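The block underneath contains the structure these notes are about, expressed in structure tokens.
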Amino acid sequence: MNFKIDKTDGNARACTLQTAHSTIQTPIFMPVGTLGAVKSLDAIDLKEILDAKIILANTYHLYLRPTSKVVREFGGLHGFSKFDRSFLTDSGGFQAFSLSKISKPDENGIKFKSHIDGSMHYFTPKSVLDTQYDLSSDIMMILDDLVALPATKERIDLSIKRTINWAKIACEYHKSNKQKSVGIDQNIFGIIQGGTDYNARKLCAEALCEMEFDGLAIGGLSVGESNEEMYDTVEALMPFIDKNRPRYLMGVGTPEDLVQNVERGVDMFDCVMPTRNARNGTLFTSFGKINIKSAAFIKDDNKIDPECDCYTCSNFSRGYLNHLYKARELTFFRLASLHNLHYYLNLVKQMREAIMQGKFKEFKREFYAKRGMI
């Protein structure tokens, strides 16, 4: 991976990273394609309509179904899905933690029960990389020990001990495999844990920065803490994360979360929010969210967002989308998802432009003013 910082504005950064499949300009939002597909969209939608440069897929789900071995037979995720730009794959640790009724982390990995058929499985730092080698993702995430917040100091200390040990194993395993021509075009990111405990986060960050990771992620946030705790944790952590590697905040978040964390120096984001909200009738606009289910939109001939030029806004009215949603017409899910993802991708594009011009503070002020939040 080639990575360079193009411009900074305060702590906000505009960077460029190059993988084997695409050039990615940051700040970047990654649409979530858990099963190798962003719900209701296909590769043409992602490339030609949204111009997405990178999407996220999930190791846990693809490991269970159709299995990573099947995906490998198609040439990895790129051949399987026909999305020929970059993929980032999560390690699956979060899903093993959150979806399994029986999830038991120990010193060597995580034992969990499949949410599909109840079968038992075991993830280790090496096995999740083996699965991701099969998937041929451009960026692979290591296995980490996630803790729901709030948590005791003892549990957080155990989490970072495991996470650091697993990171060492994963880093050395990937380095060894690349010497055998395995995963030579794949990059590996470490994950910093520690809850909202400053000392734990600092310890974990410093340990992982000593390792040969291509990028560093902040995990274990947006799992029960307040927004203020999230922002404070990210801000306190940034001085300890190597500035010459991409910084990825996992599973975050709202448009406001993106703006706040870009301001603090984060480069990469992912979240199911734009597509999940779209399917439930909540659409993002420059002036805040609207609920397209509302009777107020039945005869509304305006587009979703007066400032939006996405495919949906360029062709269809609020009234039409209101009708599609109430009729449970499947077309609604695609049109709403296209709009919400365009909104997110355009938001990070606007932030990049503001950083490049040295006007991030002005951008942030206008962003909140439009929402009536100043």
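Including glycine, each Cβ sits where the backbone N, Cα and C put it.
Among the features that Swiss-Prot reports, active site, proton acceptor is placed at Asp90, with the record citing sequence analysis. Secondary structure from DSSP puts Asp90 (active site, proton acceptor) in a beta strand. Cβ contacts within 10 Å of Asp90 (active site, proton acceptor), excluding its own Cβ and spanning all protein chains shown: 28.
Residues annotated as substrate binding site in Swiss-Prot, with sequence analysis given as evidence: Asp90, Ser91, Gly92, Gly93, Phe94, Asp144, Gln193, Gly220.
Looking at the region 'RNA binding' (251-257) alone, the prediction's average pLDDT is 97. As annotated by Swiss-Prot, region 'RNA binding' applies to 251-257 (among others).
Less than 8 angstroms from the CB of Asp270 (active site, nucleophile) sit Phe29, Met30, Pro31, Val32, Leu56, Leu88, Met250, Gly251, Val252, each of them six or more residues away in the same chain. The active site, nucleophile annotation in Swiss-Prot covers Asp270, and the record cites sequence analysis as its basis.
Residues or ranges marked as region 'RNA binding' by Swiss-Prot: 275-279 (among others). Note on the region 'RNA binding' (275-279): residues 31-32, 38-40, 289, 333, 336-337, 339-341 of its chain, located 6 or more positions outside it, place their CB under 8 angstroms from a CB of the stretch.
Under 8 Å, Cβ to Cβ, and six or more positions away along its own chain, Cys313 (Zn(2+) binding site) finds Lys303, Ile304, Asp305, His339. What Swiss-Prot records for Cys308, Cys310, Cys313, His339 is Zn(2+) binding site, and it gives sequence analysis as the kind of evidence.
Cβ crowding, taken as the number of other Cβ atoms within 10 Å, peaks at Gly220 among the binding-site residues Gly92, Gly93, Gly220. If you take the Cα of Gln193 (substrate binding site) and the Cα of Cys310 (Zn(2+) binding site), they are about 37 angstrom apart, rounded to a whole number. Taking the mean position of the Cβ atoms of Asp90, Ser91, Gly92, Gly93, Phe94, Asp144, Gln193, Gly220 as the substrate site, the remaining residues of that chain whose Cβ falls within 8 Å of it are Phe97, Met141, Ile142, Leu143, Asp145, Leu146, Ile191, Gly219, Met250. Neighbour count (other Cβ atoms within 10 Å of the Cβ, all protein chains): 32 for Asp144 (substrate binding site).
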